[in-house]
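Contents: one structure, followed by commentary.
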């Protein structure tokens, strides 16, 4: 049943270097545009200013870890509102499901940082060392001449500078960017900033310059997950082998029996993953579509129709083989699965927007002090103690008036305050101990439990918030 | 279609072949690097267990030393405000928000460490151990009085200045019916409806035996630690049996002196904390 061979195959393989050739075409242009947009967003965002008044930072996007605030233009997220971030992550997840089921691995091919930065690094590499053939020659040249050393050194320095800019931009998201930039240069920034920058510089350098496709193939779980999310209607990069095969060298006069593929290897030479798309769907393929550009270029030159390698749905193969018209692209994309994903995505998004608009500027949380459950004062008054957290989400200090309802006999005393009004600082929380007293003969003092409600009113704009709690009476012992 | 030839391991079961997709070589290097790192780590840090302890590691790192360092650092960081707390007159602490906040927080920690055993973690006390949350004080509820009670304690042998008073055991002094009368009278003081004859007779017994310390109307005397008997707060309990037990056998609550066990600043802090629990005068 089982057969064994005497010579064991090697379990480890050295990496085969890949030297993608330059290519031009519509997908390459699209990728340049997307690279400019994504890198632009990443590098420029921390420098956008947004005026929030004198007490709050003026950086449009800021993750203030020390102050536990997240600022995004006009939105400010407090730690207890982290569900907004959770909601955004759910939307990101559903968005990936949607795009993957409709268009395959477009995330991998166009927007993934690994792809974008690798693309940028390859651009620098080509600019310094030349195109594929020149780089291959340089790679195979075993002797380290002055020229090779100079080219390699230039490339590495440029890569390191890009890495430094990448790590540098990252830390700007966490503190005031202009201040940090000055501190970085005057060597006064926090060591965490330098360490983070160093780590991100080196990982960018290593991942974009050397690891490249290895990250996608060995380190990233996404290719495996995505394979499960694609189906036969998914638009993906594929080779029309029914049109191209059998492949053969191009002659001036087309030979009988040969397909359109002239086996020029253009699609293989431009591939940043080092695969042959003509082998069919592969784990390694990130659907960057550069092979489409390369092949279209060749097809145009030899006077054949474009699209030998193309974005297509695999379910169209039988129709195309039979020479019939394939299903229109929109019919592939608009199908129940993608519509359900879109609906869910939109639902979560609408929910978040709704939650954002009904957020109150003042909030309170009541924590009854239950050690002990109640206190008997010398005149028989029953006292309950509560710790109330008053949150003022506005950019200036506000006077908060605290009251209690539930029984007219209840009296409220705020610790350290002469009346029931305290000032809560800008964009902050105040922990206020509150005593609620019920005179000896009043109903709440006699009863076991009474429902009460704490109200807080912002005296400057009459906005109110409330939270229910319980008053324990003497019958509770 | 020409398929890429994938090497197989040569294993085949029922026509299913095992493909060989080798790992990249650098992956193996990373594995070896983690082993080297792991060995270095166990040399640098405490790691290998022995009979009584583990190897110490050449870095001399230990969690105990870390905690000692952290405590020393916290003490050093608080040195200035701690000194200020010890020097500031008790009644002036509240006027300084920073000092007051420090005193309340550090006093709370002192309370939960040294006082909570008797007075409870929420300071609600227990039978025989005063509730510190209400406004009834045996020896005074001003911050100075509270401070003195903590510093010297009550009815102890540790401090010469300990607060001291002793109620006689009236079981040996009064007749049984006199005790019954005075208990009824004491209960009536806080508004409890009792039999009028017993209360009237008890009033006379009270005036003769109790009013010297507890006051003519049972209002108590903080200079003697004599409890107010006319309000709603009872240290041992306000029912007939408990009060009768108190009259017959007396009570002798003891609190240790903290002057030798806590620093001046700690005593000031815990006094501020107790004073701020809601009943302070």
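Glycine residues also receive a Cβ, built from the backbone N, Cα and C atoms like all the rest.
Range with TrEMBL annotation transmembrane segment, chosen from B:26-44, B:45-63, is B:26-44.
For the heme c 2 site, TrEMBL gives B:210, B:213, B:214; the one candidate out of B:167, B:255 that the record lists there too is B:167.
In sequence order, B:213, B:226, B:246, B:250, B:251, B:252 are the residues near residue B:167 (heme c 2 binding site), counting only same-chain partners six or more apart with C-beta under 8 A. The binding-site residues near residue B:214 (heme c 2 binding site), taking a 10 angstroms Cα-Cα threshold over the set B:115, B:119, B:255, amount to none. For the pair formed by residue B:118 (heme c 1 binding site) and residue B:210 (heme c 2 binding site), distance between Cα atoms is given as 28 Å, rounded to the nearest Å. Using DSSP to sort the residues of the domain 'Cytochrome c' (B:102-190) gives these counts of helix, strand and coil: 45 helix, 4 strand, 40 coil.
Between the farthest pair of Cα atoms in the heme c 1 binding residues (B:115, B:118, B:119, B:255), the distance is 11 Å. For residue B:255 (heme c 1 binding site), the Cβ neighbour count at a 10 Å cut-off comes to 20, with all displayed protein chains included. Separating the Cα atoms of residue B:210 (heme c 2 binding site) and residue B:119 (heme c 1 binding site) is a whole-number distance of 28 Å.
Listed in sequence order, the residues B:209, B:211, B:212, B:226 complete the 8 Å Cβ shell around the heme c 2 site centroid, once B:167, B:210, B:213, B:214 themselves are left out. Under the three-state DSSP scheme, residue B:255 (heme c 1 binding site) falls in the strand class.
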